[in-house]
Amino acid sequence: MIDKRDDKPFKLKSKYKPSGDQPQAIESLVDNIEGGEKAQILLGATGTGKTYTMSQVISKVNKPTLVIAHNKTLAGQLYGEFKEFFPDNAVEYFVSYYDYYQPEAYVPSSDTYIEKDSSVNDEIDKLRHSATSSLLERNDVIVVASVSCIYGLGSPKEYADSAVSLRPGQEISRDTLLNQLVDIQFERNDIDFQRGCFRVRGDVVEVFPASRDEHAFRVEFFGDEIDRICEIESLTGKTIGEVDHLVLFPATHFVTNDEHMEQSIAKIQAELAEQLQLFESEGKLLEAQRLRQRTEYDIEMLREMGYTSGVENYSRHMDGRSPGEPPYTLLDFFPEDFLIMIDESHMTMGQIKGMYNGDQARKQMLVDYGFRLPSALDNRPLRRKEFESHVHQIVYVSATPGEYEMSQTNTIIEQIIRPTGLLDPEIDVRPSMGQMDDLLGEINQRVARDERTFITTLTKKMAEDLTDYLKEMGVKVKYMHSDIKTLERTEIIRDLRLGVFDVLIGINLLREGIDVPEVSLVAILDADKEGFLRNERGLIQTIGRAARNVDGHVIMYADKMTDSMQRAIDETARRREIQIAYNKAHGIVPQTIKKDIRGFISISKTSHNDISKEEMDYESMSRGERKEAINALQKQMQEAAELLDFELAAQMRDLILELKLMD
């Protein structure tokens, strides 16, 4: 039995106190949640401390909370911040555990079957298990997740019911415990003791839970009774302390008992017979043979091992769901009365909507050509409507809320004041005629003041032409486009901040990590060309890039005033007015944000006599040197992950993948 602790409150620890309009935003959000409001929007301008406000709300409403971000990097940053704010509570991280993932697919035009290929990140897998076990054991839980949280995960009831509960004095034989551990997918390994394994030494069983990476547990028997349970260091075996209750959750999220497994296999066999009959009636003998061979192999593995590669494709039968019924996801592990916060909701909600369609198109091809049973289509992400059905209370957080969020609620809480007193930038609209000369003059003014400039264009060609022109004029300039890899992008931003060059040109400079306090000018070319990057939301996001500097200024080059431009200008002016009034009333002098410049990733290069640290020329390396570089990077990636620097770890991961592709 799981003893769930539901009385521990969230305890926020911070050297800051709410300032600006944070107190009003926190109070309004909390009052609305306690008053039963289902949905509300926190409209927070860039740099106003939205994460701190979210933390204050969580600590006051005291509900288990799911925070969803639109990518792993952002989720990692939020996870680190929440860990600092809530050191005594369970802050968990739940994202896709694949470092590399090539989904199973079939291309009929070339008769090419692509086997599923993936590389699982052991650290993230541990964190996922930690998240689900925390949700079943306690109430003071914050899970920071990417949209992976809407993908199928296995039944929380089966997961909880399969848990092995142990206490000192409990009557259970050693062999019974070993059988129970095997049933929940733990492996016996007396030599290489790692997560998801157990080892046996006489009357002592040591178990390494899937949710830990340093500490394991030692269960000591006296006859058919547990004498003592100790927490131990997994590496040295040193005892940390005794525990009076140990719950061991399954080593995989897809788990089922023997009786249920036989029922599931019977359903899989019935579906197989039905699909084979259909293929044979249509004369698709190759597809029928393929499906029979693959499915019968999987059934044999399930029967003998309780697991098979691609077991998730049979999740509908394992969970006992009807065709078309939504899969179990992380959301089902939460209690009914939980809170959802959607960070950067204008991006994240679009992702939640789009996940289902892309997944179904690929899987339908596998079903049509006999690679999978039709039930594989039910191993899928949630549809948006299904996601909505899980929502008890939700807060959308964004500087520019999308149409979807606005359609869900009329309750909008604004957070416009920055703790630094910084104002939204002033905006000029200038004609496109003569824009190059005008822009060059503005750039030179910034260079003279040791400030930087962002220029955003609409096309790759224009960005390239503008880069060439400014170089001819003696400006130190770089162009950042979509082909540039993650690590190189980080290096470019660092060089911009250090003053290696003064101007950065790009098409979409809204990506995370592009907040540069040294940028005092943002120039928007073709501002009057309506579209994704020139709509109201896109313009406000771009304008926000200049909001980190006290001299922040935006120039829109356009021949006409579009509705989007006018709305973006009006909204920025409205916010600026509020900020000026607040600063005046409280005697605040705006200050440019101070932000440390992180060093570029470098690895050790070994020569015959010495080791020097320098940036590597990977292209000219031999295969052996690249292998050494990969090993060094993997070590640094693990160190970064242990320090909770997931942004750095993700950059390392991307570089490792690039190096592997060179071979």
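Here the Cβ of each residue, glycine as well, is placed from N, Cα and C on the backbone.
According to Swiss-Prot:
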BINDING   Gly44, Ala45, Thr46, Gly47, Thr48, Gly49, Lys50, Thr51  ATP binding site
COMPBIAS  1-10  compositional bias 'Basic and acidic residues'
DOMAIN    31-418  domain 'Helicase ATP-binding'
DOMAIN    435-597  domain 'Helicase C-terminal'
DOMAIN    627-662  domain 'UVR'
REGION    1-23  region 'Disordered'
MOTIF     97-120  motif 'Beta-hairpin'
- Note down the number of other Cβ atoms within 10 Å of the Cβ of Lys50 (ATP binding site), including every protein chain shown. 22
- What three-state class does DSSP give Thr48 (ATP binding site)? coil
- Write out, in the order they occur in the sequence, the residues of the chain not among Gly44, Ala45, Thr46, Gly47, Thr48, Gly49, Lys50, Thr51 that have a C-beta within 8 Å of the mean position of the C-beta atoms of the recorded ATP site. Thr53, Ala399, Gln415, Arg418
- If you rank the binding-site residues Gly44, Gly47, Gly49 by how many other Cβ atoms lie within 10 Å of their Cβ, the lowest count goes to Gly47
- If you count Cβ atoms within 10 Å of the Cβ of Thr46 (ATP binding site), leaving out that atom itself, what do you get? 19
- Message: Sequence gap of 6 or more, Cβ distance under 8 Å: name the residues on the same chain that satisfy this around Thr48 (ATP binding site), in order along the sequence.
- Response: Gly20, Asp21, Gln22, Gln415, Ile416, Ile417, Arg418, Pro419
- Task: Determine how many residues of the motif 'Beta-hairpin' (97-120) DSSP places in helix, in strand and in coil.
- Result: 3 helix, 15 strand, 6 coil
- Across all the protein chains here, work out how many other Cβ atoms are within 10 Å of the Cβ of Thr51 (ATP binding site). 17
- What mean pLDDT score does the domain 'Helicase ATP-binding' (31-418) have in the model? 91
- Note on the structure: DSSP tally for the domain 'UVR' (627-662), helix/strand/coil in that order, comes to 33 helix, 0 strand, 3 coil
